[in-house]
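Features reported for this protein in TrEMBL:
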DOMAIN    43-101  domain 'Chromo'
DOMAIN    185-243  domain 'Pre-SET'
BINDING   CYS187, CYS189, CYS192, CYS197  Zn(2+) 1 binding site
BINDING   CYS187, CYS198, CYS225, CYS229  Zn(2+) 2 binding site
BINDING   CYS192, CYS225, CYS231, CYS235  Zn(2+) 3 binding site
DOMAIN    246-369  domain 'SET'
BINDING   ARG257, GLY258, TRP259, ASN326, HIS327, TYR368, LYS396  S-adenosyl-L-methionine binding site
BINDING   CYS329, CYS395, CYS397, CYS402  Zn(2+) 4 binding site
DOMAIN    391-407  domain 'Post-SET'
Amino acid sequence: MEGWRGAWYVPCLASLETLQELCRKENLTCKSIGITTRSLKSYEVEYLCDYKVEEGTEYYLVKWKGWPESSNTWEPQKNLKCPLLLQNFLSDKNEYLSRGREGKALKVRNHVKALSPAVADYIVKKAKQRIALQRWKEELNRKKNHKAMILVENTVDLEGPPLDFYYINEYKPAPGINVINGITTGCECTDCPAEKCCPKEAGFILAYNKQKKLKIQPGLPIYECNSFCRCGPDCPNRIVQKGTPYSLCIFRTNNGRGWGVKTLQKIKTNSFVMEYVGEVITSEEAERRGQLYDNQGNTYLFDLDYDSDEFTVDAARYGNVSHFVNHSCDPNLQVFNVFIDNLDLRLPRIALFSTRTIKAGEELTFDYQMKGSIDLTSDSADGLSPSRKRIRTVCKCGAVCCRGYLN
């Protein structure tokens, strides 16, 4: 927090209201909870909570930014200079009513036309969700290491950001696991690919064509130039290491599949889209966690079985946007194993490439039963490893060729 003085602290589990009150009492600022120098000295509308008509005048109950809910006040509409918040309020009210939950929005109570408590409660929940999702979006974009934007959208329900998910850009190895195997040499090319470029040194062909699109078949590895290579950042053999080039949106699906991911830009066939990252753990640890995840009804275990079954990636708590990509029996993404600064065949990086042209706004999916992805699931569509005896899970991908089950 800015403006810290002396040994001042707050409990780590304090509510937002408690933090706001403490900040104001100590004259401290904290942007993450809405306390700025401006809000300490003035009032700014955070969202609108309720509505009533009294003696012909329209009033809105205002939640002030940086102030606890106990400080909410009724204000006449003529005093409000927040057209977007008014629009959100009306939109949320109409959305609630359109679902047939209430007959009339306004009811007369004590000679005052007042909004139904159920409607007002829904509006407040939507406002809080909107703020929480906005903060989550800002956090994701602060932590990502690529230029493309990450958006967040939920027009389906009241679900907010996942409570126990932490965004990372690369593998997070468990204690005792080394994901950098000490590579100390790279190609001497000044114009890749040359005869002695990295793929050929590993015994394979260059994975990309001149348009930087994939040209190899599924199952073949990708060897990119590494940090010791003489070639520069514009080398045509540096694709996955640059991160996703497309702006993506984490969105709430409307058919019970939880969160999903859609692209906001057109993606051409055989283009790199994103990496799958998470905690790197041993297969023994994955077996233990898998049994715990079974009881919770979800898991995100991805076996690194390019050369052996020694390691697994667990993206349940630590991951990137790929954590939210759903399964499809007719996917538009394909898994490839990639080697860059680590040539250990037991620890490939996992990259997802487009299998066809993907339109802007289209959901991104891949087949959880692809090699190397046997035990990967989303939060509501559970792909289950055939290595364990589990109840079969119905697939909700909706593809014409749907297999019916995820396992």
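Residue 1 is the first one shown; counting continues down the chain.
Quick reminder: no glycine exception, Cβ is built from N, Cα and C everywhere.
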Could you check the binding-site residues CYS198, CYS395 and say which one's CB has the most other CB atoms within 10 Å?
CYS198
Around the Cβ of CYS197 (Zn(2+) 1 binding site), the count of other Cβ atoms that are within 10 Å:
24
For each of the binding-site residues (TRP259, TYR368), count the other CB atoms lying within 10 A of its CB, then report the residue with the highest count.
TYR368
Mean per-residue pLDDT computed across the domain 'Post-SET' (391-407):
76
For the binding-site residues ARG257, LYS396, which one has the sparsest Cβ surroundings, going by other Cβ atoms within 10 Å?
LYS396
Looking at the binding-site residues CYS225, CYS229, CYS235, ARG257, TYR368, CYS397, which ones sit with their CA no more than 10 Å from the CA of CYS197 (Zn(2+) 1 binding site)?
CYS225, CYS229
How big is the gap, in Å, between the Cα of ARG257 (S-adenosyl-L-methionine binding site) and that of CYS397 (Zn(2+) 4 binding site), rounded to a whole number?
8
Would you mind sorting out which of CYS187, CYS192, CYS229, CYS231, CYS235, TRP259 (the binding-site residues) have a C-alpha within 10 A of the one on CYS402 (Zn(2+) 4 binding site)?
none
